[in-house]
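Report on one structure; see the data block that follows.
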């Protein structure tokens, strides 16, 4: 397929080309022309630069129109399609031959040689020698202001001035006035097999419809103008039999479909289309007016300054189901964000999707060195792991940066589609290059980011990673390829004879800047942070009351227990060397109320708790949470950050703040609160609210309504209303998480090496079979048991769980463990035959030891 395109970006290895209808294609450096490719091969073979070989940026610039042919449509690893193009005249002009050439024809050519009196032009037609006299190029050279001469590999719009010897010799002109005045005529004998995009013809309107116009041209051919390429000033004034000038946009030789544009800037060959500024990409337009809506394609909008924009159908709403056509009548106003621009359509491309409007990053220019970003794993390569930050932004995590230690088989730790939190090591928007790190020490570092030699002030303390350890010391690297030397005498306060035995490649360490020479890019560093005190050192050792240490809500930290108090734990943040004190309320140790009390009971001073999330950094202290559901909601952006973001129907994860006789107050991350009235608390009739909820309990709440004036939110906590759809999967995930935490608690108790009773509790897991002796049968039908494996514990079975058995004191029996209450040292068992038989087939204890458990991302509202 042949297309007219406009160069959008130029890099060392490819041209990015804007195509009609908002598409984008790519021309590799090897698809320019035969002559250019041969010179490239020669340069590679010789290993030195050729004087006559110009870079793509020397001979091409954004805004230049080019004729292209589609060579392939490739599918990338993330499922997106990439259009590969060629502008090689041998491929573009393939339908032409020497005998078909005629005076007045307009076609593409490339400079293949510079001669004394002119230029040899490659027009890709075998047996034809094309020559451009120097006087026919002077006006063009002056106009484009690219030096005193044309360059080899330069693309040209050429008009055939003279044809000799049956097309074996042609004389060309690139004079701008001659090119602009050229028209394709019947006398030039164009056919559908050799018709070229970029030709301007006189055409007659055959039919007018809301989606476009059907034209007839060159006496016997027909073509189509779609709605995006009608003249915006005349779009409602076209009529049958009207004669118009039209420019060919594309030719499909297979289907014989020819598409045109009636936009004025394309009706004079050689002239560039109106330039749209890439600076506006990413901008949010508060009010854009619907100019026209096309139900199968999308909508055209107009900005206040008259600029046009197009939104594809999928970008008009969150999902197809939520799409409302009535909201896109002409004159309706919408908030949108510019996500791209099409030079060929002379329009910006916009999106009305909320998640795109609110997105932190939209293009590489939005990302800065040191930013922490969320991404998805989408491919593994020998050099590292590819991560997709957004649909249009992809980054590489080099093998060295896949973890704090080098991973030989990263695919065992990460899976395709996994969400990962990375930090930007380097970002080059021009080359669309993004280098990331997954090293936890760098991602979670609170120290300054060192990304330039100018920022390396003596005394600065920051994190860096070792790239080389030798007998002279260590080379340490930072962000943006900034690196420095830690000499041998600065590696430690103690002498180190063999640094390569102590330090390894990729190791993250704190370093202090001793000296920097930005002009020479020299940096002298030290691992001895206390040997040369600097102002930063003193700040680092001051407690929070004297030094402001700010944590963002959602930030993850590891902590150590300092003190146990009645209502929670006082902890220190390990990332800040233990100098920052925080608070973990007992209710925030788990999503499960019973596990909160159990964890508080088991934990001791000095224990380390990983992956705690900052819930609040207001007032006197930092509040942390270990609730998996709340953490997942924040990390997956299923939260609201302010009252203005709340919409009725939302399902939000939060925790009970207060239980009142008239209802329950629920707080969500970032401080938004709401009220669930008594009638909306449960599917059952509620007599006493305290029978259903406790303070700190994790819940899923559905937003019923909001009152902006009073800043009130009404919630629903009914399980029937708050399920995301698959209640069985939610329940299983919850059960999975509950057992996972119980296993963690048992392991904690085992390590304590406490009493034999505590050790016995650790060994008792649901599903385990026991040999017991009946100790007593009570009046209510329940029974008490004893046995060597349950010494000191209270073992009981309810009347139901005795089944049909009639037991008496002293009798021996088999029982299966149903539940273990560690706090009260009670064990609940069952003697029912169906449970004993089922246990023989499948043990819950094997389920508990399974490695496939996952943290649930959602919780039914009354689950805990």
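The backbone N, Cα and C atoms fix where each Cβ goes, and this holds for glycine too.
Quick look at what TrEMBL annotates:
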- 1-88: domain 'S1 motif' (DOMAIN)
- 104-175: domain 'S1 motif' (DOMAIN)
- 198-263: domain 'S1 motif' (DOMAIN)
- 282-353: domain 'S1 motif' (DOMAIN)
- 370-439: domain 'S1 motif' (DOMAIN)
- 459-528: domain 'S1 motif' (DOMAIN)
- 649-718: domain 'S1 motif' (DOMAIN)
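Only sequence-distant pairs (6 or more apart) were considered; of these, at least three Cβ pairs between the domain 'S1 motif' (370-439) and the domain 'S1 motif' (1-88) are under 8 A, so the stretches are in contact.
Simply put, out of 1-88, 198-263, 282-353, 459-528, 649-718, 1-88 has the most Cβ pairs sitting under 8 Å from the domain 'S1 motif' (104-175). With a cut-off of 8 Å on Cβ pairs spaced 6 or more residues apart, the domain 'S1 motif' (282-353) and the domain 'S1 motif' (198-263) reach 3 or more such pairs and are scored as touching.
Residues of the domain 'S1 motif' (198-263) grouped by DSSP class, helix first, strand second and coil last, total 3 helix, 37 strand, 26 coil. Mean pLDDT of the predicted structure over the domain 'S1 motif' (649-718): 88.
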